[in-house]
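TrEMBL has this to say about the protein:
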COMPBIAS  305-318  compositional bias 'Polar residues'
COMPBIAS  478-489  compositional bias 'Polar residues'
REGION    271-339  region 'Disordered'
REGION    467-489  region 'Disordered'
REPEAT    132-174  repeat 'WD'
REPEAT    219-254  repeat 'WD'
REPEAT    342-383  repeat 'WD'
REPEAT    429-461  repeat 'WD'
Amino acid sequence: MWKKVGEREVGKISPYSFANRIRSNRISSLDLSNYKEIVSVHRGAINSLQVGDWAGPPVEVQMGGREGLEMSCMGEGCLVAGQVDLTEGRYLLSAASDGSAAVYDVQCAAKYEGGGLVAKHECLFVVDKQHEHGHKYSVSSAIWYPIDTGLFITGSYDHYVNVWDTNTTQVVVNFKMPGKVYQTAMSPIAKSHMLIAAGTEDVQVRLCDIASGAFTHTLSGHRDGVMTVEWSTSSEWVLATGGCDGAIRFWDIRRAGCFLVLDQSRSQLGKRPPFLERSSSKGSASKPFQAGQSSNVKVKIPLKKTTNGNSTKQTPNISRVPRQTKGWHRPHPGMMSSHDRATAHYGAVIGLKVTADGMYLLSAGSDSRLKLWDIESGCNTLVNYEATRLQTSKPIQLAITQDSSLVFLPCMTAIKAFNVWSGKTFRTFRGHYESVNCCWFSSQDQELYTGSNDRQILVWSPPKSVHREVDEKFGEGQMSTSDQDNWSD
């Protein structure tokens, strides 16, 4: 380590490379934390997790002049005041099948146990069925508003999507859906809209506008319920959806219809279709090519003379293509793909995750397959991820590291970390007693949070350094008795 520090100081390696090596070393040493615990208040399966963390590309942020937000909590305890920003990665939002959603402070512990070495992080507040605006059934999705933690959004099986004010724990606006809400998502880089994409058991994806409190429009194309939605990390207008019909569709929300449907059988860059496939066989005066005849034969086109004043020129004698029958309308280019029946998985698509650069998409299906897609070409990269077993009853939440090198996938009672580009299993995390539904990787502290049907939220973190433990035990700015001198001031 000190050798790398010296190389950074003399300029042999860049600070960016040095930071990446530190992160990689910390990620490779992830293990069930023995110094940090989340005290779960949920009485049902944990369905969704998210730490207030910036998911977009690195940008320069001017912090001056921004006022801090206050977060009030219900019950005994706490009032947290100060600068609340997603770059802090401070607040964990969780949702459970008992109809509750809770917020935890993962940086400031409520109390310590084990001689001050184990930090217990209790919830700041919880909204459940007893709340006047609480959900009546399972909360399937809970996400932070991308700009800051002043708002959060929940989706439930009671057919409602609620937008909550974090400070007052009151519903600001809600949206009534036609069926169970499987997942909600907001663009992490949007500057021109405040849209919530909601996937439900209905075939249409609905976009909810927080600013107006109404639906802007619906996206039609799936033939069954939509289980997962994911915004692009490179364009605020592009949305990916996965349905129970096995299809993954890409939408530009400014246009009608989807512009791309992923096909699992398409594994190489598309080629321009040959001339014969693009030409119409009906109404053609020329003789069709026979088998074995070369397609490079030049066809001589008959010419006709036209008189223009005193000059004469020859033009190709090509008959016009007859018009279509009356009442026929050319379909919108975006709507052409709505009739595409291609599938990305042999079962329902239960999880989607876009890489940080927005160039690749990871998808998980009820066929227990994990696939990597090239978004630009729409091709299956054919990365062979090692055998997994996934649950099929509801969506799962994938997580990915900041450099998009590892993907964390809930596999029944375990979580598997795969190398994104090679497909090899990097590590398997075991600690839950029942099926794992969700995971979230915090790029701020290189920590992994997982939620399961056993109602527990587990923290997987790098080992804590000895110096940091001593500092926390004796307090910052203080020294142990053995290190203090005997001089009096």
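Placed from the backbone N, Cα and C atoms, the Cβ positions cover glycine too.
Remember, TrEMBL labels are computer predictions, not curated facts.
A quick note: this is a predicted structure, and the numbers were derived from the prediction, not measured.
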Same-chain residues at least 6 beyond the ends of the repeat 'WD' (219-254) with a Cβ under 8 Å from one of its Cβ atoms are 55-57, 179, 182-193, 195, 197-207, 260-262, 334, 337-338, 341-359, 361, 363, 365, 373, 375, 394-395
Per-state residue totals over the repeat 'WD' (429-461) - DSSP helix, strand, coil: 0 helix, 20 strand, 13 coil
Tertiary contacts of the repeat 'WD' (342-383), defined by C-beta under 8 angstroms and 6+ residue spacing from its ends, are 55, 57, 224, 227-235, 240-248, 250, 260-270, 389-392, 394-400, 402-404, 407, 409, 418, 420-423
Do any residues of this chain, six or more beyond the ends of the repeat 'WD' (429-461), have a C-beta under 8 angstroms from a C-beta of it, and if so which? 23, 26-27, 30-33, 35-38, 40, 42-51, 53, 87-89, 92, 94, 96, 104, 106, 391, 394, 396-402, 408, 410-417
Residue distribution over DSSP helix, strand and coil in the repeat 'WD' (132-174): 0 helix, 23 strand, 20 coil
Taking DSSP helix as H, G and I and strand as E and B, the repeat 'WD' (342-383) has 0 helix, 19 strand, 23 coil
